[in-house]
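Worksheet: the structure to be examined is printed underneath.
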Amino acid sequence: MAESPAFLSAQDVGSFAYLTIKDRTPQILTKVIDTLHRHKSEFFEKHGEEGVEAEKKAISLLSKLRNELQTDKPIIPLVDKCVDTDIWNQYLEYQRSLLNEGDGEPRWFFSPWLFVECYMYRRIHEAIMQSPPIHDFDVFKESKDENFFESQDSINALCTHLLQLKPITDLGEKQIQDEFFKLLQISLWGNKCDLSLSGGESSSQKADIINSLKDLKPFILVNETESLWALLSKLKKTAEPPAVRVDIVLDNSGFELVTDLVFADFLLSSELATEIHFHGKIIPWFVSDVTVRDFEWIVEHMKGSHLESMSACGAAWEAYVGMKKWVYHDHAFWTLPHPFCAMPQVAPDLYAELQKAGVVLFKGDLNYRKLMGDRKWKFTVPFHQALSGFHPAPLCSIRTLKCELQVGLQPGQAEHLTASDPHWLTTGKYGIFQFDGPL
């Protein structure tokens, strides 16, 4: 097999990876420090002087981290005692082993971008963990919750649309298929709401996304949703016993999570699936990623909404969780720096879990980077090849483009895009559905 290309890294001055490490990550760290400052009185109320001291300690550790990053210091081992600490430090050793003699140590602007960016979020977690009694404070909670509240109109419109379709089994197959594609596209464009891309600034969904779908269609660069529909339709007819499990590896909380839950509800209600398994992060991650607290918080706030459609959806979703038709999982692997092709070795239990699915949907850009190994693949390399052997089950990536990595395009397609829109890879304006079917 041909050798895999080099990793994306901030060594390439002017690249998106370089600008992320140079500008966006320090901006995110500054915002985290500011968040801690603003909660000082809350920490004092809850924990007295000890809470204030903890806040000072966390800020001091985060300021040190920001300085290390901005001055391109060597990457240092983690010192906390978490379930993943040893795996992280082994991975740092592995990165060190890849360097040539004159390269020195792994560094922020030199080592693979995926590694150093994940490492930064893991160090944020370490700083909080080392500062009891505020060690369970989610520094990103505020911005995630804000995104949900600012997107109320869009969420309500989406829930109203879903409820108007019910009972979905009464619809004809063609209408179910049309709605399947529509709700998939809504889940795709929900992925635009990414707080790590906006440096933690507001990125809520205020427009009515349902009525925008027609205008957004030309921005889907690869659309393999027909293959996904064909697979689910076939599974529905042939599954023995009649059980179809769909797994969704989540990305952002807030509006995007609601679009994923609406799609999951549709899959159950249309009997295209009998159970949905969601996969989230065990720690706050990449500003807006879903943790179990976010998942439960969204369902609870939907149910408690004064808006009827939202409240009805929230109640239905709570019931799905209660009946185990919706199951939430988290696993330390999702917040490691490893590409997904390493999952069978690093997290065989998680790989075995995904193998139980009829299909696995991977939401968002970070999951795409990990699926592709965050390498400088040519634009025309087939999606299956770039997965480097990762195939626990048929899978589909649903992602808006937010980094300089894209495979599976037609010859000339990337060049045409570059000519018309030089930043097409990084703005979240374009999207893809890429499918890797049954082997």
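A Cβ is built for glycine as well, from the same backbone N, Cα and C atoms used for every other residue.
When secondary structure is read from DSSP and collapsed to three states, D251 (Mn(2+) binding site) falls in the coil class. Annotated Mn(2+) binding site per Swiss-Prot: D251, N252, D289, in sequence order.
All protein chains included, D289 (Mn(2+) binding site) registers 29 other Cβ atoms within 10 Å of its own Cβ. What Swiss-Prot lists as S-adenosyl-L-methionine binding site is E256, D289, and the listing cites similarity to another entry.
In the shown protein chains, 16 other C-beta atoms lie within 10 A of the C-beta of S4 (phosphoserine). Among the features that Swiss-Prot reports, phosphoserine is placed at S4.
Taken from Swiss-Prot, the feature motif 'Subfamily III RTxK motif' applies to 399-402, supported by similarity to another entry. Residue counts for the motif 'Subfamily III RTxK motif' (399-402) under DSSP, helix first, then strand, then coil, are 0 helix, 2 strand, 2 coil.
Classification of E256 (S-adenosyl-L-methionine binding site) by DSSP places it within a helix.
Here the Cβ of D251 (Mn(2+) binding site) has 29 other Cβ atoms within 10 Å, regardless of which shown protein chain they belong to.
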